[in-house]
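Undergrad: Quick one: the structure is below, and I'll ask about it shortly.
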């Protein structure tokens, strides 16, 4: 297994330009493919999850050309008419590709099979499939009920009224919303339970609106989408920088001192994970806000007790910031960490204890008391990009650390360790 040794970093200084947002990149690619006309997508993220979406779209007959850096894509939309692929669509462990494609392919004519990595077969999709079947969708499980892989015969959905559980993953609702304009009739979606990660739904609604589709909702409890609609291409669309990726550099400046300018997200960001910067201000970081950039400096860091339901991905970074804060930190309402790339709640608790922290792992919360003494250990990353990037913060705090399987960061931020080195002193 490959390992990366990170020596202590005394301070950070410089400027970071963020890669494009994963959440936005895959939503935009899919809607550009479904649209009538050609869309140029700029600042596209080049990562494993995006490559899985691009590979699937090309098998579905969508013509996509990329620049040499793979950050600008020219997508020739097919107007909602895909060809039946000759082979299964392999989507790795990319939930932002697998879930929306499940719903969209159920809505358009053709026969499709969606497969993925072993971890994808452990990530639940039953709530989405139940909703699509209730609307007339023809979807069968190839192995285990409620989990991928799936076989789909598309074009059977007429619309109607359906309820979907919002408490596990917002990606189920995102998938339904993106597919609903393609259904033959109008659709009313009612949310059961508490909707998690609500800001990710705002991203979905924002992107749909830019491609010409309006969704009515009553305070996120019900959503109404007219059927028989067509997405309209945009000449050009810019992918905002990834706010989840920004969290590591906000944290680095807050922990180590120095000053980091983060370009690509700011006060005008549409991503919920920008809320991490507001949490870090509560912790003690000093942040200057501009429309499309942040400037972050160190402050006296104190433990906090927060509900992180709106920022689940970025909140992981807070768990390693907690190692360097004064007093304990509690991160609550994060059950959906358990159904991500790995069971992140258990994984983070395990690795934080290795470093020397006292940790309480609850059903949907984690409490962290900083170490009295830091252990020089190798961090297992569980094939989870965010765990690798989070624990790099230990080195930023002036303690040596080893990261196992550092290339797992290729899922969202292939150049992460190089970028961190470029601002480290």
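Quick reminder: no glycine exception, Cβ is built from N, Cα and C everywhere.
The active site, proton acceptor annotation in Swiss-Prot covers 313 and rests on sequence analysis. If you look up Swiss-Prot, you'll see 22, 95, 123, 171, 344, 386, 411 marked as phosphoenolpyruvate binding site. Taken from Swiss-Prot, the feature 3-phosphoshikimate binding site applies to 22, 23, 27, 169, 170, 171, 197, 313, 336, 340, supported by sequence analysis.
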Undergrad: Please report the number of other Cβ atoms within 10 Å of the Cβ of residue 344 (phosphoenolpyruvate binding site).
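TA: Counting Cβ neighbours of residue 344 (phosphoenolpyruvate binding site) within 10 Å gives 25.
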Undergrad: Can you count the other CB atoms that lie within 10 A of the CB of residue 123 (phosphoenolpyruvate binding site)?
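TA: Taking every protein chain into account, the count is 21.
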Undergrad: Which residues, sitting 6 or more apart from residue 27 (3-phosphoshikimate binding site) on the same chain, put a CB under 8 Å from its CB?
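TA: Result: 96, 100, 174, 178, 203, 204, 207.
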Undergrad: What Cα-Cα separation, expressed in whole Å, is found between residue 197 (3-phosphoshikimate binding site) and residue 386 (phosphoenolpyruvate binding site)?
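TA: Between the alpha carbons of residue 197 (3-phosphoshikimate binding site) and residue 386 (phosphoenolpyruvate binding site) there are 17 Å.
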Undergrad: Quick check: of the recorded positions listed here (170, 313, 336), which one has the Cα closest to that of residue 22 (phosphoenolpyruvate binding site)?
TA: 313
Undergrad: What whole-number Å value do you get for the CA-CA distance of residue 95 (phosphoenolpyruvate binding site) and residue 336 (3-phosphoshikimate binding site)?
TA: 13
Undergrad: Distance check, please: Cα of residue 411 (phosphoenolpyruvate binding site) against Cα of residue 170 (3-phosphoshikimate binding site), rounded to an integer number of angstrom.
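TA: Rounded to a whole number, the Cα-Cα distance is 20 Å.
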Undergrad: Any idea what the Cα distance is from residue 336 (3-phosphoshikimate binding site) over to residue 344 (phosphoenolpyruvate binding site), rounded to a whole Å?
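TA: It is 9 Å, counting Cα to Cα.
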